[in-house]
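Participant: Below are the features I grabbed from TrEMBL:
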type: TRANSMEM; residues: 15-36; note: transmembrane segment
type: TRANSMEM; residues: 43-62; note: transmembrane segment
type: TRANSMEM; residues: 82-109; note: transmembrane segment
type: TRANSMEM; residues: 130-152; note: transmembrane segment
type: TRANSMEM; residues: 180-201; note: transmembrane segment
type: TRANSMEM; residues: 230-256; note: transmembrane segment
type: TRANSMEM; residues: 268-290; note: transmembrane segment
Amino acid sequence: MNFSTSIVSLERTYLMLQISEWIYNVVSLLSSIYFVNRLCRISLIHINLRIQLCSIALQYTVNFTSRIADHINATLDQKPQVLTNVVCLMFAVINGTSVFSCVVTILNIAMERLLATVLHKSYEVRGSTIGIAMLTVTILLGIFVSAFSLGYDIYNGTYDIRTSTESCLSVRLHPEAVPFAWIVAFFCCLFGTIIIVKLYYYNRRQRKRIKGVSLSTRYQYNENMVTTRALLPAVGGYIFFVVPGCVLSTYIAVIMLKHGDRGLFVQILIQILYLMSFFYQIFFIVYVSIKYPPLFAQVRRDFRRLFREKSARIGEESATLGTSQSIYISNPTETTKTYFIELDKCWNQTPIRKN
């Protein structure tokens, strides 16, 4: 009686987690679309950084959607098993690529900010080549890793396209790879956080010390400092999700490898593991939307329109934020005017006296 009751409880828990994931996928999709749409409306942010931020918002949604699509594909029994497995392989490549992107994109953001600091004299006039190249390399590496893993499984007979009835996702075929992915994510997050911290203090020092350089160079240092200050907690906060993920994924791998248990309890733990990574996506979107001034201006304007409040004057908004947000409006004339006002403010700041 107690055993059957526990089985029913596990089934209910697993069902609730699945429903939560489906609901969360809808929320994630809508949040990602809104986040990307508002980022594309901001003219101040450099396109290379925009590409990386859009990538980190969308890749989690791709991960969720591919898992749900794989689940739907497995439940449809009105087609040949070969077709089901071929479709599963396609979703597995997409899922593996998105997981790889989730692991390394934090480091990509740090590298993009590093290049923005190193190339400060010309970075503001550079195009999207750097951002597209970083994104393309990440996607191609993800496709290669996931496709190579699946090809190896098919070659050695771990997965048979004609007869296998289980999912071909890596978490099913190679549970030992799950903690490895979380550990790699931890080190990428650690290195990315260190780089962004160093860049923040470097840009702050340079902005106060340099004299006799162009206004655009000084303004670039200022923007680098503001951007890294907004991104640092969002990037560093990944550690609070990665560390528990490393512990839980290791525990899951030990159970699956040592005891061969892949029952409901293990599936529940895997579901929790995925939800932990999902929560980080929402944390990142919300934090950057609040702490990055140009994006926060867009979000606040949307909320005021949603609740039909009257828009406050731009001068009053800038007083509460400590920076002139009129630069973030879409009017080209006002944007140009405020841009040079900001340049003049940076130029007229008194540099720190040398001891």
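A Cβ is built for glycine as well, from the same backbone N, Cα and C atoms used for every other residue.
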Participant: Against which stretches of its own chain does the transmembrane segment (230-256) lie, if we need a Cβ under 8 Å and a gap of at least six residues from its ends?
Facilitator: 106, 109-110, 113, 175-176, 178-179, 181-183, 185-186, 189-190, 192-193, 196-197, 200, 262, 266, 269-270, 272-273, 276-277, 279-280, 283-284, 287-288, 291-293
Participant: Where, among 15-36, 82-109, 130-152, 180-201, do we find the most CB pairs under 8 A to the transmembrane segment (268-290)?
Facilitator: 15-36
Participant: Looking only at residues six or more beyond either end of the transmembrane segment (180-201), which have a C-beta under 8 A from one in the stretch?
Facilitator: 99, 102-104, 106-107, 109-111, 113-114, 117, 224-225, 228-229, 231-232, 235-236, 238-239, 242-243, 245-246, 249
Participant: What parts of the chain pack near the transmembrane segment (82-109), using Cβ distances under 8 Å and only residues at least 6 beyond its ends?
Facilitator: 49, 52-53, 55-56, 59-60, 62-63, 66-67, 69-70, 73-74, 76, 134-135, 138-139, 141-143, 145-147, 149-150, 159-162, 164, 167-170, 181, 184-185, 188-189, 191-192, 196, 231, 235, 238, 277
